[in-house]
Amino acid sequence: MSTTNMNRGKIVFYEDRNFQGRSYECSSDCSDMSSYLSRCHSCRVESGCWMLYNHNNYMGNQYFMRRGEYPDYMQHFGMSDCIKSCRMIAMHRGNYRMRIYERENFGGQMHEMMNDCDNIMDHYRMSKCQSCNVMEGHWLMYEQPHFRGRMMYMRPGEYSNFSMGMGMGAMGGMSGMRFMSMRRIMDSWY
């Protein structure tokens with residue numbers, strides 16, 4: 001598969017479990033899926049990596065999906081809400097670099113990361129991460145150690161607090177989040 005095709009991505013959403021009911025095929029960001037489907041309980045990721053959101057306009061809880069079939073992703077991921085919007089994650093080839101800060105507004109301890117970190121308390125003696133500067137690459141940040149709990153997709157930019165996600169406005173339910181583990185979104189995932 002060429003890099004161009006990998007950057008396009010394709011995901012197919014289905015109203016019912018096990019790929020049943022009406023479907024909606026998506027190959028780019030979609031801020032409001034309600035005009036295409038009344039509900040969404042399964043999907044197939046044919047190419048690319050995607051973030052799914054339980055509210056319109058890329059807000060609310062976020063769920064990372066890569067190539068594969070998800071016949072009942074609500075049960076698989078412990079989701080209680082339907083998907084309302086989705087965003088394709090462009091492939092990144094190159095270095096990964098991010099500075100994490102213990103407090104909001106880039107305060108407290110700071111550490112620069114270039115690799116995954118499954119527990120910032122163990123690796124950096126930081127009790128939490130409440131702001132960051134993503135300089136290179138795409139990252140997933142998790143609420144709990146060992147890549148568990150709610151997650152947030154971070155692309156290059158400054159995040160002085162996590163109630164503002166990717167410069168797109170308030171992330172419903174994300175205010176005051178503290179992250180404990182971080183993972184790079186690798187090109188091998190595509």
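Just so you know, glycine gets a Cβ as well, placed from its N, Cα and C.
Beyond the ends of the domain 'Beta/gamma crystallin 'Greek key'' (9-47), by six or more residues, the same chain brings 1, 56-58, 65-74, 82-89, 190 to within a C-beta distance below 8 angstroms of the stretch. Residues or ranges marked as domain 'Beta/gamma crystallin 'Greek key'' by TrEMBL: 9-47 (among others).
Across the domain 'Beta/gamma crystallin 'Greek key'' (48-90), DSSP assigns 4 helix, 22 strand, 17 coil. Positions annotated as domain 'Beta/gamma crystallin 'Greek key'' by TrEMBL: 48-90 (among others).
Sequence annotations record features per position, and here TrEMBL assigns domain 'Beta/gamma crystallin 'Greek key'' to 137-181 (among others).
Per TrEMBL, transmembrane segment is recorded for 159-180.
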Next item on the list: Can you check how the pLDDT averages out over the domain 'Beta/gamma crystallin 'Greek key'' (48-90)?
Entry: 87
